[in-house]
Amino acid sequence: MTSFIPAQRHLDLGDQFFDPVRPADFPETILRHRDGRWADRLGLGTLSDEEWLRHFGRFEPLAGSLPHPLALRYHGHQFRSYNPDLGDGRGFLYAQCIDPEDGRLLDFGTKGSGKTPWSRGGDGRLTLKGGVREILATEMLEALGVYTSKSFSLVETAEELYRGDEPSPTRSSVLTRLSHSHIRIGTFQRLAYLDDTKSLGKLVDYSIANYYPELADAADRPAALLEAVAAKVARLGAQWIAAGFVHGVLNTDNINITGESFDYGPWRFVPTYDPNFTAAYFDETGLYSFGRQPDTLAWNLTRLAECLVPLSSVEALEPALNTVWPVFRAELPRQILRRLGLQPTDVERDGAFITALFGFLLESQAPYEQFFFDWRGGLHSAERAARSPSAEHYMGETFRPIADLLESYALAADCNLEHPYFARQTPRTMLIEDVEAIWAPIAERDDWSLFQTTLSEIAQMRDAYGIKP
């Protein structure tokens, strides 16, 4: 039996980085979701529901981990305007542990756990719908091969909340996320803003020791860290494009240094390929639109580089930062071909294929997820694609060059077209209408059956694509 391995490494940074806080005292705690796979993996699978609620609803400390929750301090650029009045406003770092399978450090972070010194007039709460949306996003992204935080627990908390973007009053919840880091670009920005070079150095050392130990002996540790983070974040951007995902609010405080998707807000999946598609209704200029996400990530990484100048030099940091686009250009074809179950060849040829494919998807407006489902396995799936609801998009002359390119690629060794998931006519999607359909029975009659069915379908999809947790 796996045993829980507690950790409390964030305390090593010192109280300049956080504020000890108390969780909210909720009137009631009702367990709505627990991630059994990760609970078993971390040695928490044997907790009873009541024990679970004590830890992930009332946040009694996990033995040996953090003695009290920590509201983390950070700044950030929000829509490219610097905001020094940020920090964990409705969440905290609850606990840390070591993953028994790979030895990596993991954080348990919350959302909706109550007010902190950084709440800025907010109520510190999360709507139940917001918690449900995050579970759906993280499960779907993982199944599509995107590096993401996990929605470890969702507990309904029996309060009435008022929100301008939801019918109110609405139900409340507290979400516990599992991720490898809560160190954000904004964590570095705060220290640079305060001109606290000593703490910046401590943060670089902590980041390397816990997330990039292979850089321990680097000649210029800040530059080496920047290059490693840039590669992870560039890869994440490629994964988002391949998945058709729009994060929605790519502020610098929403980007962590391990390159995981987290801090989900008004996320969406694109119905069709549209570089201008935006997720947030308040993103009036399309700054964080689908097609601009890679540029935004590069811009955010430039802000990280600026923070590190006092510890390194512009001459050392520029080459590290300039790796972003080569990594992205190499990674995007790899991620697209992975989704299609095809074997990459070389960067130039694969890049030309992606350019042609996106041109077809833009012109035809074929449903994005349906296309990747239909053509998983390339022309090995031609008969299946011919029975697709999107078959008409594959019959014209505009598709012929794409068909020829698909035929030129070998099947990837791990592409299993015999999986029962591919017997479906349509893929599992998570468009905005899907989310609303899943939420409606919960809101109207507290019926969670469609939500549970959806998670089972996503699990089947994850297995079909050979994605491991």
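Cβ from N, Cα, C; glycine included.
For D253 (active site, proton acceptor), the same-chain residues lying six or more positions away in sequence with a CB closer than 8 A to its CB are Y74, H75, G76, H77, Q78, L86, R184, I185, G186, D263. Here TrEMBL flags D253 as active site, proton acceptor.
Counting every protein chain shown, 17 other Cβ atoms lie within 10 Å of the Cβ of D123 (ATP binding site). According to DSSP, D123 (ATP binding site) is assigned to coil rather than to any helix or strand. Annotated ATP binding site per TrEMBL: G87, G89, R90, K111, D123, G124, R177, R184, D263, in sequence order.
Annotation comment: TrEMBL describes N254, D263 as Mg(2+) binding site. For N254 (Mg(2+) binding site), the same-chain residues that are 6 or more apart in sequence and have a Cβ closer than 8 Å to its Cβ are G76, R184, H247, F262, D263, G265.
Of all Cβ atoms in the protein chains displayed, 24 besides its own lie within 10 Å of the Cβ of R177 (ATP binding site).
Annotation for R90 (ATP binding site): spatial neighbours K111, G112, S113, G114, K115, T116, S119, G122, D123, G124, R125, L126, criterion Cβ-Cβ under 8 Å with sequence separation of six or more. If you compare every pair of Cα atoms in G87, G89, R90, K111, D123, G124, R177, R184, D263, the residues listed for ATP, the longest distance is 23 angstrom. Sequence-distant neighbours of G87 (ATP binding site) (same chain, 6+ residues apart, CB-CB distance under 8 A): D19, A71, L72, R73, Y74, T116, P117, W118.
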